[in-house]
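To start, the structure under review is shown below, and the notes come after it.
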Amino acid sequence: MLFKELNLSVPLQKALKDAGYEAATPIQEAAITLLLEGKDLLGCAQTGTGKTAAFALPIIEALAMKTGQGPKRPIKALVLAPTRELAIQIADSFKLYSKYLKLKTAVIFGGVSQNPQTAELGQGVDILVATPGRLLDLINQRFVRLGEVDHFVLDEADMMLDMGMIHDVRKVITHLPKVRQTMFFSATMPPEIAKLAESILVKPVKVEITPVASTVDTIQQSMYFVNKKNKTELLKHLLKNLSIESCLVFSRTKHGADKIVKALEKGGISAQAIHGNKSQGARQLALKNFKERKTRILVATDIAARGIDVEELSHVIIHDLPEVPETYVHRIGRTGRAGLGGVAISFCGQEDQNLLRDIEKLIQKKIPVVSEHPFPMVPEALEDKPVSNSAAFGNKPSRQGEGKRTENTRQPKSQGKSWGKSPAKGSRKIG
């Protein structure tokens, strides 16, 4: 469906045309009309599907008819996001779409001085995008009042749960009017998130776009078996030998991300890290350099990566397999955006093989194994012994059982879904 076929006002259509938007994505087509009717929405969509526009455009359309002026204008729309980067990205989208309207959007987040943010709030705001912690601080200081909010968006709810923000989110909700339109987005649906959605939505419509299997089918995936101590050496080897235009590398921890960057730079490969321990300025600079291709390699944790929106990212490399299988899909979804092709490379050590089984069960396919590389995985008892060339490139341990690249096309009987419960840590079974 084309945007001009949707029931959007002329100023919005003009802004979309300026931005090069022509055809609506599936989630936009499914959600916009329903939200224009004022319905609550429970949404699930993989990264790169146009989710922000799906909720931003109906909100802007609704507010364009009833906006106030000056410092007396109350906040009419609130969007909660888990990270600073994502909050900034969402606010920028609202500003882009509403540029021909007299709507004012502000963004607030922690880690920086609140003074510029409170000054902007004092000038009057129609749309507020915020992280939960800073928003609560400003509510308690009476810089923010939410009593006239008509539209509330909770974005990336599952990530907020992972980051320990759900208690703050519940507190924010107590400051909202009971009569409002609510939009709830979560990539996964663990019990606590399902309970929260049920408590704040009223007769919602459910929109689920792009099942896991179809998302991963557009991406060329491969798995390298490598001992933990050799993962970064293998990473350096691949970055030097493969044709990689831009690469997002995933680390499980902040400390690990810094170690990877240090090792890459020592090997003559320019890279930057982005994670929660970095200052806001450092994170924004690293992201800006990556988007502008001044930095080819960006190393990130899952939480920091939620705010990364980069078109035509050629490669994703997963240095550490995630403990929750759905996270694997979100990681590789950073490449192959909105149906485009991409390459996702993962490293698997001996300690990661149960995680790999969970991932393959979810995506319903075996990930092809690349056996021919300089750092083949050897049993722990043999790690300190020399490995011959024949062992490195021939009869070495391989999950596929052969010393060459193979693909197992067997399909598991069970079908994984991104809406299913995420296994709790330590609850995985072998086999």
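Every residue, even glycine, has its Cβ placed from backbone N, Cα and C.
Broken down with DSSP, the domain 'DEAD-box RNA helicase Q' (1-29) shows 16 helix, 2 strand, 11 coil. Summarising the annotation, TrEMBL assigns domain 'DEAD-box RNA helicase Q' to 1-29.
Under the heading motif 'Q motif', TrEMBL lists 1-29.
The domain 'Helicase ATP-binding' annotation in TrEMBL covers 32-207. On the 0 to 100 pLDDT scale, the domain 'Helicase ATP-binding' (32-207) averages 91 in the predicted structure.
The domain 'Helicase C-terminal' annotation in TrEMBL covers 234-383.
Residues or ranges marked as region 'Disordered' in TrEMBL: 380-431.
Sequence annotations record features per position, and here TrEMBL assigns compositional bias 'Basic and acidic residues' to 399-410.
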Other parts of the chain folded back onto the motif 'Q motif' (1-29), taken as Cβ under 8 Å at six or more residues beyond its ends: 36, 43, 45, 49-51, 53-54, 57, 60-61, 64, 96-101, 207, 209-210, 338
Three-state composition of the domain 'Helicase C-terminal' (234-383), taking helix and strand from DSSP: 65 helix, 24 strand, 61 coil
